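> From TrEMBL, here are the annotated features:
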BINDING   GLY13, ILE14, GLY15, LYS16, THR17, ILE18, GLU100, GLY101, ALA102, GLY103  ATP binding site
BINDING   THR17, GLU100  Mg(2+) binding site
ACT_SITE  LYS33  active site
BINDING   SER37  substrate binding site
Amino acid sequence: MNNTYFVTGIGTGIGKTIVSSILTEKLQADYWKPIQSGDLEISDSLFVGNMISNTKTIIHPERYRLGQPLSPHLSAKIDGVHITTDSIKKPITDNNLIIEGAGGLMVPLNDKELILDLIKSLEAKVIVVSQNYLGSINHTLLTLEVLKANKVSVEGLIFNGHANPETEDYIQKYSGARIIGKVPFMSRIDKEHIVSAGQHIDL
């Protein structure tokens, strides 16, 4: 049975794209970034494509390619585009699918819809990417609480970067979420390191 996983983060710059690359390579899954906001010449889809070693993965095209590196609703407004979750349809594939979000759960897509609404419309299992920094316990637990309150299925947590066992243990014990991986800090990111990092993921 093939699975669809939606990779979200506890904030921006947490490492969703690196983790998505690792998951895509480990599962030889397809990859899809529905909304790319800014950095079109060095997009997340291009990055993931360059990090993949297997020949099975398909990188599906973005539904929205927005010019400014801003929240999607603002970037779309500048581009004269109106984003709706109804217009974002999951690509047809017989493979596992990794979907990468934009920012965190409460990032606006328009005046009424958030990334959270997109997750619900796509009926995907969520993988939450966290990182250890001052305040990350609060951000991680809030993210998990919002998912729980909205009855969204959470596959598990992945901690990206420098380890902090005390923080990670507290989050796991308080939330009950399964830790499915701890990706160590990588000073250099290439195909070999992406493959190696997959060994730290239990999925």
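Residue positions begin at 1 at the first shown residue.
Here the Cβ of each residue, glycine as well, is placed from N, Cα and C on the backbone.
Just so you know, TrEMBL annotations never went through curation; they're auto-generated.
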> Taking only same-chain residues 6+ apart in sequence, whose CB is under 8 Å from that of the residue listed as 'substrate binding site', what do you get?
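TYR64, LEU66, GLN68, PRO69, LEU70, SER71, PRO72, SER75, ALA102 - these are the non-local Cβ neighbours of the residue listed as 'substrate binding site', listed in sequence order.
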> At the Cα level, what's the spacing in Å between THR17 (ATP binding site) and LYS33 (active site), rounded?
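Cα-Cα, rounded: 10 Å.
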> Give me the non-local Cβ neighbours of GLY13 (ATP binding site): same chain, 6+ apart in sequence, Cβ-Cβ under 8 Å, ordered along the sequence.
none
> Excluding GLY13, ILE14, GLY15, LYS16, THR17, ILE18, GLU100, GLY101, ALA102, GLY103, please set out which residues of the same chain place their CB within 8 Å of the center of the CB atoms of the ATP site, keeping sequence order.
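Leaving out the recorded residues gives VAL7, THR8, GLY9, THR12, VAL19, SER20, ASP44, VAL129.
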> In DSSP terms, helix, strand or coil for SER37 (substrate binding site)?
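In the DSSP reduction, SER37 (substrate binding site) maps to strand.
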> What residues, ordered by sequence, lie under 8 A Cβ-to-Cβ from LYS33 (active site) and sit at least six positions away in the same chain?
SER43, ASP44, SER45, VAL48, GLU62, ILE99, GLU100
